[in-house]
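Noted in TrEMBL for the protein shown:
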type	residues	note
ACT_SITE	ASP271	active site, proton donor/acceptor
BINDING	GLU120, HIS188, HIS209	Zn(2+) binding site
BINDING	ALA131, ASN212, ALA213, ARG220, HIS249, LEU305, SER306, GLY307	substrate binding site
DOMAIN	39-378	domain 'Amidohydrolase-related'
Amino acid sequence: HCPSREDLWVREGKILNPEKLFFDEKGSADIQLDCKDSIIAPGFIDVQINGGFGVDFSLATDDFRSGIDLVSQKILSHGVTSFCPTLVTSPPSVYHQVLPQISIRNGGAHGAGILGAHLEGPFISKEKKGAHPEHCLRTFEEGAFQDLLATYGSLDCVRIVTLAPEMKRSGEVIRELTKRGVCVSLGHSVANLSQAEEAVQHGATFITHLFNAMLPFHHRDPGIVGLLTSDKIPAGRRVFYGMISDGIHTNPAALRIAHRAHPKGLVLVTDAIAGMGLAPGRHTLGQQVVEIDGLNTYIAGTKTLSGSVATMDTCVRHFQEATGCSVETALEAASLHPAQLLGIEHKKGTLNYDSDADFLMLNDGLYVQATYIAGEEVWRRDSLGM
């Protein structure tokens, strides 16, 4: 269906059902805004972003809070209205220092809302560590869940944990995390399909950047990728999967295969690193040095990809172009699906009545023209096209 031409009513930060206004209160709008034929879409939600603009969420710095504030402010221009700051594999001391400085908060003129941290590692596979430092990797030893708690220090602001499900005792860890409302994601892993299915049966609901840092699809054992068409997913449950749609991390054909196999599970993520928004050169990703060369980012001196410098709006445009999907489908992969993954679709990710009024105005090329949070304009492209 094509997007309809109609008004969007907003009051007190929420999207309003205008019937109530017309019939009960006989009211009308206080402020009217001409959207000049823009597309109005829900704000984007980035559940995997390691930093940007010189800020690295995996570095314990004295000014960590001002760093997170800077990123949350700057990503408004990409259409991101809420996000999960993501930490790559780090020593326990880093989690203990950084996590207390991440607080879940609403967005506004100060920046995008923070939904909670995404901890990617250190309980991941050595073979598929990608850009994660090997000396910081850990396993679940005697304590299993207790080991995880000791490593992170606290789960207070943690929203997502990426782990490798083939690790011994991962099943009980997944159950404990899920019980506490933490979303478990499978990634950086050499798991086969039955290990992945077992993890989903224990409560895992997400796959970290599908195809990257996992065994490639093999027809006799499709590995984690096989979850997209598995018949062993518990009834009423959906497996979501992240994709870095930057034209580098996954070939457009792989993006199309995933999208056609399981369109309702696709979640666009940037996996952006500190160098996003900065000039090419050397930047950090936690404990590692990273070199940016065009849109490619590598661990310095290697050809190991290490995160991305693509912005969320770029990923949406590339996804739409690569798959030829409808505009709505492309926008939902960056809004509705991540909201469903986090169980917040009653508040975010749609333009339904009573949802938070986090929305974007985009032109037909899907370039962001303006960003609104709770009904307030927080960013607008100026007339010079800046």
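A Cβ is built for glycine as well, from the same backbone N, Cα and C atoms used for every other residue.
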Distance, ASN212 (substrate binding site) to HIS188 (Zn(2+) binding site) (CA atoms, angstrom):
8
Nearest-integer angstrom distance between the alpha carbons (Cα) of SER306 (substrate binding site) and GLU120 (Zn(2+) binding site):
13
Give the maximum pairwise CA distance in Å, whole number, for the residues ALA131, ASN212, ALA213, ARG220, HIS249, LEU305, SER306, GLY307 listed as binding substrate.
30
Roughly how many Å lie between the Cα atoms of ASN212 (substrate binding site) and GLU120 (Zn(2+) binding site), rounded to a whole value?
13
Cα distance, GLU120 (Zn(2+) binding site) to HIS249 (substrate binding site), nearest Å?
17
Where ARG220 (substrate binding site) and GLU120 (Zn(2+) binding site) are concerned, what is their Cα separation in Å, rounded?
28
Residues flanking the Zn(2+) site, with Cβ no more than 8 Å from the Cβ centroid of GLU120, HIS188, HIS209 and excluding those residues themselves:
GLN48, GLY121, ILE124, GLY130, HIS132, THR162, SER185, GLY187, THR208, ASN212, ALA213, ASP271
Near the Cβ of GLU120 (Zn(2+) binding site), how many other Cβ atoms are there if near means within 10 Å?
29
For the binding-site residues ASN212, SER306, work out the Cβ neighbour count at 10 Å and name the residue with the minimum.
ASN212
Going by Cα-Cα distance, which of the recorded positions (GLU120, HIS209, ASP271) sits nearest to GLY307 (substrate binding site)?
ASP271
Given a separation of at least six residues and a C-beta threshold under 8 Å, show me what packs close to HIS209 (Zn(2+) binding site) in the same chain.
GLN48, GLY187, GLY242, MET243, ILE244, HIS249, VAL269, ASP271
Long-range same-chain neighbours of ALA131 (substrate binding site), Cβ under 8 Å, sequence gap at least 6?
VAL88, LEU285, GLN288, VAL290, ILE299, THR304, LEU305, SER306, GLY307
Please identify which of HIS188, ARG220, HIS249 has the densest Cβ environment, defined as other Cβ atoms within 10 Å, among these binding-site residues.
HIS188
